[in-house]
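Contents: one structure, followed by commentary.
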Amino acid sequence: MSATQTAQLMDGTGHARRIVEEAAAKAAEISQRTGTAPCLATVLVGDDPASVTYVRMKRARCAKAGIRSRHIALPATTTTAELIDSLSGLSGDPEVHGILLQHPCGPHIDERAAFEAIAPAKDVDGVTMHSFAAMSFGLPGFVSCTPGGIMRLLEAYDVDLAGKHAVVVGRSAILGKPVGMLLLAKDATVTYCHSRTADLSAMVREADVVVAAVGRPRLIRGEDIKPGAVVIDAGYNPGNVGDVDFDAVLTRARLITPVPGGVGPMTIAVLLEQTVDAAANQLGVQQ
């Protein structure tokens, strides 16, 4: 790319809308055929303002897509054992088809133990070890929603990953690690980077595809990006700022996701899609 060219924006909002419209049509069909609408249970521990906002947003999106939502608000003093009891109850409730535990839950909660209380058939957020293993082996199951949304966006823009060098900056269990596995499944050569990586900039400069998912505002600079690279900014920091220095990268990348309007809407769209799929599976509706 020349210095005067700018990257094409990857429109997560528009592509997410199409996914949600398809999910809504499937939800309506399920309701018509079974008399039961798909149901997503959201579980929130405490009253962190950002988490409250995220849950409210997800429930609103459910309503627009014809998905029922059941909200369980637990006090900040909830113990891991109490949270596990709540999640186990929802896992055994036939009226609930998907379960979302909003995280982080607080430093006193063993989140991994809590996630594992979610039945795999209802793990529509793709957070359990079962879901990660199924995804890694290419078996049926639910993917982590943000990685799933990223892959759908890459597909929508016809990004050929075979033989490409993809650098994932971040190694969280629900974003960095799974998106790397999904990229690998598309025949990309994947490098993971993290807080202990020596000379991060040099690593990123070798990438054909960059996924920034570390939660550090503007960590990825313009000079870090190979001209013509595809840049996925999965970070979201205060002030609507991602992990990528957007303005600086805009004149070097070929494709880039904006923040907001890129990865975020795709994450919610995949959550709704997987909730509908979970309901279809549990209610015996072939799609």
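The backbone N, Cα and C atoms fix where each Cβ goes, glycine too.
These features come from Swiss-Prot:
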- GLY170, ARG171, SER172, SER195: NADP(+) binding site (BINDING)
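Packing around ARG171 (NADP(+) binding site) is summarised by its Cβ count: 17 other Cβ atoms lie within 10 angstroms of its Cβ, all protein chains included. SER195 (NADP(+) binding site): 10 other CB atoms within 10 A of its CB, across all protein chains. Of all Cβ atoms in the shown protein chains, 16 besides its own fall within 10 Å of the Cβ of SER172 (NADP(+) binding site). Within 8 Å of the centroid of the Cβ atoms of GLY170, ARG171, SER172, SER195, where the record puts NADP(+), the same chain has further Cβ atoms from VAL169, LEU175, GLY176, TYR192, HIS194, ALA213, VAL214. Whole-number maximum of the Cα to Cα distances across the NADP(+)-binding residues GLY170, ARG171, SER172, SER195: 12 angstrom.
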